[in-house]
Amino acid sequence: MQQSDVLTPERTRTASPFDTPKTKHDASGSAARVIPIVPLSHSEAEVARQMQICNACRYCEGFCAVFPAMARRLEFGKADVNYLANLCHNCGACYHACQYAPPHEFAVNVPKAMAQVRLETYTEYAFPAALGALYKRNGLTLSVALATGLALFLMLGLALRSGLSAHATSANFYAIFPHNLLAAMFGTVFLFAMLALGVGVTRFWRDVAAGTSSVSMPAAAEAAKHALTLKYLDGGHGDGCNESDDAFTLARRRFHHLTFYGFLLCFAATAVATLYHYAFGWEAPYPYLSVPVLLGTVGGIGLLVGPAGLWWLNLRRDPERTDVRQRPMDRGFIALLLLTSVSGLALLAFRATPAMPSLLATHLGIVMALFATLPYGKFAHGIFRSAALLKSSIEKRQGRSLGLGSE
Ligand code: SF4
Ligand code: SF4
């Protein structure tokens, strides 16, 4: 197949049930289904080329959701490629199994090609796009600089107001930063993050969901299960991913789970503390064995071990299988998660000492930087991936009803 076949802007062909159909009439008046094809970027054209080869081979059909989704298509337009790229979990199984991988002349390297497209989608769908582009280029530097800047700003404000050790030994955080001030600061950043994420995923869904039937409960439940269990990090056989070599490991799945559920527990700790404050009038500090402190401690440990493991794996990952341009984003997000847990646990340990106000300002600055950058880093990619899993679950059922079979 010639690459020009893939890049032709618009032409007539046999449509797949998953295409967005448009009807045109030729000179004789007969109807033909025309698929408008948006010109592909170089990375997208490379995924389309490799998918044509894989579609003829299909050796990796049982590895993950990408290959069954690929098999439902005859050609790969921009929306198909973006969808498949975000469905790929970069587990590496297909690269290590592939008889057409480099040095073969077909040069099939699906994880790398998908990673290159994913990086483009992060900027393309980001809101505002300029922030997405900045984070893509300088994710690590931007994350650390933002966290440091916000922490210093809060410390300066504190020093000017009452000094860095005032009210220190009472372990009362709200004597340092009033609760309403914290709620206003974090509420603003949180709403911005939710808005930016919402716009990004809406843009993504609008592009990739064309031709997909509406969401059903079984499809939504299956997609949620696959997202929450990270099913496709099991390599398709349950033994896990390939990281630096042919050996399988479940380490990436485990570290992702520790990170994700650690993050959720920390979020739950904040939610319970807010409930205590507003609904019951119970003011912090809470005892070590109280619900918010226990949730925060267990979550903080998960958020320490998980990101530390992900950083270690990121350093070891075979560069041939990934897009190395993605590293600043990956490491920026992991660094902020690590700094959040380290500063949070340090704050808990030293909350009744003169170091508390400085530790509190540092922790708050880091958490604000984390929330402000959520829409541009790996967190956004988790949201896009969940949307892609939902489309996959819908398509699977749609394929069955059309008698096309399924995985
Ligand atoms: S990755 Fe290689 S082995 Fe797997 S389906 Fe594609 S061409 Fe075949
Ligand atoms: S790298 Fe893993 S998740 Fe991605 S296409 Fe290959 S087998 Fe599927």
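Note: Cβ is positioned from N, Cα and C throughout, glycine not excepted.
Annotation source TrEMBL lists region 'Disordered' at 1-29.
Within its own chain, the transmembrane segment (140-160) has Cβ neighbours under 8 Å at 134, 176-177, 327-328, 331-333, 335-336, 339, 357-358, 361-362, 364-366, 368-370, 372-373, 377, counting only residues six or more beyond its boundaries. Per TrEMBL, the feature transmembrane segment maps to 140-160 (among others).
The transmembrane segment annotation in TrEMBL covers 180-201 (among others). Long-range Cβ contacts of the transmembrane segment (180-201) within its own chain (Cβ-Cβ under 8 Å, at least 6 residues beyond either end) map to 125-128, 131, 174, 274, 364, 367-368, 371-372, 374-376, 379-380, 383-384, 387.
As annotated by TrEMBL, transmembrane segment applies to 258-279 (among others).
According to TrEMBL, the transmembrane segment annotation covers 291-313 (among others). Within the chain, the transmembrane segment (291-313) has long-range Cβ neighbours (under 8 A, six or more residues past its boundaries) at 243, 251-252, 254-270, 272-273, 276, 331, 334-335, 337-338, 340-342, 344-345, 348.
Residues or ranges marked as transmembrane segment in TrEMBL: 333-352 (among others).
Residues annotated as transmembrane segment in TrEMBL: 358-376 (among others). Long-range neighbours of the transmembrane segment (358-376) within the same chain, counting only residues 6 or more positions beyond its ends whose Cβ lies under 8 Å from a Cβ of the stretch, are 122, 126-127, 131-132, 135-136, 139, 142-143, 146-155, 158, 164, 173, 176-177, 182, 185-186, 189-190, 192-193, 196-197, 200, 329, 332-333, 336-337, 339-340, 343-344, 346-347, 350-351.
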